[in-house]
Every structure is written in C-alpha cells, then in structure tokens.
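**Student:** First the structure, which I've put down as structure tokens, then a few questions once you've had a look.
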Amino acid sequence: MEVLENAKNPNNSPERKRGGWISISFILGNETLERMGTIGLSANFMAYLTNVFHMKLVDASNFFNLWLGLSNLAPLLGAIISDAYAGRFKTIAYASFFSLLGLMTVTLTAWLHQLHPPECNIHRPDSCDRPNKLQLGVLFLGLSFLSIGSGGIRPCSIPFGVDQFDQRTEKGLKGMASYFNWYYLTFSIVLIVSHTVIVYIQDNISWTVGFSIPTGLMACSIVLFFVGMRFYVYVKPEGSAFSSIARVILAARKKRNLKLPVEDDGTVEYYDPPLKPGVLSKLPLTNQYKFLDKAAVITEGDLTSAGVPVNKWRLCSVQEVEEVKCLIRIIPVWSAGIISVVTMSTQVTFIVPQAMKMDRHMGPHFEIPAGSVSVISFITIGIWLPIYDRVLVPSLWRIRKFRVTLLQRMGIGIVFGIVSMFTAAIVERVRRTQALKMTQVSVFWLAWQLVLMGLSESFNYIGQIEFFNSQFPEHMRSLANSLLPLSFAASHYLTSLLVTTVHKFSGGKDKPDWLDNDLNKGRLDYLYYMIAGLGVVNLVYFWYCARSYQYKAGSQIEDLAEEKSLVD
C-alpha cells in the first residue's frame, strides 16, 4: 500500500500548512458515506435475521447484540493501535477496507441462495428451515470483518478531524467547534436516510439491492478518503498510553514509603519538564489521588547530569501523573453510561418486531417499513440540537449567566432515557391489549418513546463525546473516543444477558415467557419496566459520581470555545 506509506512522514510542524476546512470536507464526506454504508446494513438487520434467516426472536436478539457488542468492543483495540503505532490516518485506511470486505460478504449471503435458508412455505409458516452452520458461519464472518472496520474507524474519525485544526489559535478553536456541529448534522442525515430509503428498498424491492447500495457507498468513501491525502495534517503516534499509565503506577508503588505533605509547601521537588511538542494543555499538580504524586517526586539518583530520568519506570513527570488521574476520574462516570445505553439498545432490538405487529399504513396505499420507525428519534435529534445550541444555551447565559455543564447534560439525558423506557412499557401494554381484542393500534404510538429517546441521545451521548474529548489528554483522544463504543459494547452484552435470563426464567409450564416469539403472548412491557427500574438506580449512581468529579485542570478547549460562541 504505497499510499499508506506516504503517511509515515507526517506534517507535525508548528506552522501546520495543511488541514483546515479543505481537508475536513474530504473527512466529512468519507465519514458520511462510510456511515451510510454500515448503518444502512444494521438499521434493518433484525428483520433480515428473522425474515430471511428464520431466527426466533430471542435468538435473533442475542445474535444481533453479540455482533453489536463485538463492534463496539473493537474500538478500544483500534485506539491502542492508532495512538501507539499506526497513527489515525493509516488505522482508518486499513479499517475501511475491512468494512468494505464485510459489507461484500453480507451482501453475498442475501444474493446467493446457498448462503441463506430457503423461503418459508406460505401454507406452513411454522416449519421454516433454520440456517445451517455454513450459512451462519459466512454471515458471522462478514459481520466480524465489519467489527474490525468499526474498531479502526470509530475511535479515530473524530480525532482525525480535530487534528486538522490548530487549537492554539482562536480560528482553530472555532473551526473545531463548528466541525462537531457538522459531524452531528451529517450523522443525523445518515440515520434518517438509512432508516427510510435503504430500509424501504430492503423490505420492498430486494435485500440484495438493499445491501449492495451500502457496499457501493463504502467503496466511494474509501476513494474519497485517499483523494484528500495531500490536504491532511498527520499527527505522529505518541506511543502506548497504557505504558505511560503502567510507568506511573509502578513508580508510585516503588516510592510508596515516601511521606508527602497534605498541601504542597515547596519542600518536595517534583519532576516537571517542558511539554512535548503537540501537547496543548499543561496539567498542574492536584491534590486528588495524592498517592500517585510519589511517582513524580525526585529522589537521590533519579536524574542524570543532563536532568533526564535515569529510569522512566521510577520517575515520571507531573504531566504523566495528572494524565493518569484524569483517566481514574473518568472511569466511574463512564461506567454509569452503560445502563443508560441499555435503554436504547433494548428498544433498538425490539422496536422492529413491535412495529411489525402494528398498523403501519400512512394513507390507503403506503405502508411504512418496520425498520423505518426509528427515524422519528433521529428527526428529534436533528430538530433539537440546533434549538439547544443556538437558542437555549445562549438564552440561559444572557438571562441567568447559567451554562449547562457536560455532566449535567449527561444526567438530563439519563432522565429522558428512563422516562422513555416507562413510556415504552405503557405503549407496549396498550398495543398488546388491543391486539388480544383483534385490533391493531397505529405504529405512531411508538413516536412517544422515540421522541423521548431522541432527546436522551441529544443530551447524553453527545454530552459523553464532548466530555471524553475535553477531559482526556490530547494524545489519548483516540482512546477517549473508544469509551462510548465500549459503553455500547458492555450494554449490548448486558442486554443479551437480560434477554436470555428473562427468556429462561419468566413464564411457566402453562404460561409463555415475557419474550415469547409471539409478542402478543409475551409480556415485553415487563422487560421495559425492569430496565426502567435499573435506570433509576443508575441515575442515583451517576449523581454520586458526578457530584465528586473534579474537572481536568489546565486549558479547557471545549469550554473556551463555548465561551467564545456565547460572547459572539
């Protein structure tokens, strides 16, 4: 790959002659087409598993969540490879080819009749053939390729865009803030198109055509990504963040017998050299987690005559110590996001089977595809974000000098998620009651929970992205952007565990379980109530974590950008 080798000599000079909006146009175009490809496949995938592969509802749910969990776990490995070895450009490039290979493989499962079960006999719908080992193996191989692609693209796409702006200048800060807005806008457009146009083609024309379109878009995204090569700013990998973390912990352990004053009184000398090139914020020594400060204390024999550490595993800089503290502070807040994502992943799993049991007609001649119902949530995000960013935030600042912090924004999102789950339970109860009376309720009853879920995402998930990007050190941004997918991975596995447990232990001999293949016989609303209750417990835990959180000291890039926009 000659084009990839050209990225070995990145332009990391202070003058930064590349980058800016020219390179961002290629990056956003690449991300838009890439997401259109991958989301175009996943948007209606539950219907593909149940209608084409003839899986039972619980089996399809577990298979779907297993894949989603793997796809969201892979970004952690991708972040490590990107930050320590390959750099963001090369990681995205290689991962894009894996995504294309995965989409091609899944498309083949729809195109070749040998790779999926035969169609059901319309006279005997209960005797559909199940997929054999070869068919399941090829399908999972394609999904595995997609997971590898997600592992490289997701943690690097936002940081690679941020790299194109010089954050030491006001112009760079404004550009970065605008980039986030454009990123969210294009993402919303992708979700809407994927859940309407592509889902409609899959349901009403052909699964092969419906999967071929995302595959073609993925190929176009790769071409566009390489066309912009000469405009990009390339940031060198800084080495493994985990080795730096390990050095701090080991150095602190070696000096565990040192006695430090409660407050820094100047009697202790700390190793505090100038910042490395590319590091934008100087982190001062804080009083939190004082036991780690011992790693930066200079003792006899720690420094050479040139003032550098004799052993990097015994003496670390104040900056390295504070970076580890940043990570420790973030972990409790991050863990609280796992349950909040379960509320979304559960609805994503079951909303298509619910919609298939409801009246989806819009007028006498058009029937809404079941996989398109979720678009209501994405429209809510697209409408609410500009109102929040351009109307609500400036108004609160002008009237009360009040600004919603990132943690408050995340907490509001968690509350909306809980309310959405309670609403989903009530709607499902109404749907089931009417179905038992042989009456179908309108699919637009689902709009209540989807609007609330859209508001939850607008506050919680976008707040998490900004929180991780602002609270992590600059050279760990790929790791920071892997944390939200990691939350999704944990939540999908937790959802699969809950679904399996409920399916096994609910119900009885003469009574179907909550998640019976026929939703009208099951009690899906009970599962929704249970997850809403878990959300309430999680909200209390999040409040406790947020109350004790100490924001990163030093220059807060996102806060500075927001203050400037408010003044403007």
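From the backbone N, Cα and C atoms, a Cβ is placed for every residue, glycine too.
In TrEMBL, annotation is done automatically, which means it is predicted and not curated.
Heads up, here are the entries from TrEMBL:
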{"type": "TRANSMEM", "residues": "64-85", "note": "transmembrane segment"}
{"type": "TRANSMEM", "residues": "92-114", "note": "transmembrane segment"}
{"type": "TRANSMEM", "residues": "134-162", "note": "transmembrane segment"}
{"type": "TRANSMEM", "residues": "182-201", "note": "transmembrane segment"}
{"type": "TRANSMEM", "residues": "207-227", "note": "transmembrane segment"}
{"type": "TRANSMEM", "residues": "333-356", "note": "transmembrane segment"}
{"type": "TRANSMEM", "residues": "368-388", "note": "transmembrane segment"}
{"type": "TRANSMEM", "residues": "409-427", "note": "transmembrane segment"}
{"type": "TRANSMEM", "residues": "442-462", "note": "transmembrane segment"}
{"type": "TRANSMEM", "residues": "483-506", "note": "transmembrane segment"}
{"type": "TRANSMEM", "residues": "526-546", "note": "transmembrane segment"}
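How about a rundown of where these features are and what they're close to?
**Tutor:** Taking Cβ pairs closer than 8 Å, the transmembrane segment (92-114) reaches residues 1, 3-4, 7, 34, 37-38, 41, 48, 52, 78, 86, 134-135, 138-139, 141-153, 156-157, 160, 206-208, 210-212, 214-215, 218-219, 221-222, 225-226 in its own chain, all 6 or more past its ends.
Counting same-chain residues at least six beyond the ends of the transmembrane segment (333-356), those with a Cβ under 8 angstroms from any Cβ of the stretch are 44, 46-47, 50, 57, 61, 64-65, 68, 368, 370-371, 373-374, 407, 410, 413-414, 417-418, 420-421, 424, 428, 431, 443, 446, 449-450, 453, 456-457, 460, 464, 467-468, 483-484, 486-488, 490-492, 494-495, 498-499, 519, 524, 527-528, 531-532, 534-535, 537-538, 541-542, 545-546, 549.
Long-range neighbours of the transmembrane segment (409-427) within the same chain, counting only residues 6 or more positions beyond its ends whose Cβ lies under 8 Å from a Cβ of the stretch, are 333, 336-337, 340, 343-344, 346-347, 445-446, 448-449, 452-453, 455-464, 467, 525-526, 528-529, 531-532, 535-536, 538-539, 542-543, 546.
Packing against the transmembrane segment (442-462) from elsewhere in the chain are residues 184, 337, 340, 343-344, 347, 351, 354-355, 358-360, 368, 370, 373-374, 376-381, 384-385, 388, 409-410, 412-414, 416-417, 419-421, 423-424, 427, 430-431, 484: each is 6 or more residues past its ends and has a CB under 8 Å from a CB in it.
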**Student:** Out of 64-85, 182-201, 368-388, 483-506, 526-546, which stretch has the largest tally of CB pairs under 8 angstroms to the transmembrane segment (134-162)?
**Tutor:** 64-85
**Student:** So, do the transmembrane segment (182-201) and the transmembrane segment (483-506) meet, by the test of 3 or more Cβ pairs under 8 Å (sequence gap 6 or more)?
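**Tutor:** Result for the transmembrane segment (182-201) with the transmembrane segment (483-506) is no.
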**Student:** At an 8 Å Cβ cut-off, counting only pairs 6 or more apart in sequence, do the transmembrane segment (483-506) and the transmembrane segment (368-388) clear the bar of 3 or more pairs?
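**Tutor:** Taking Cβ pairs at least 6 residues apart, the transmembrane segment (368-388) and the transmembrane segment (483-506) are not in contact, as fewer than 3 fall under 8 Å.
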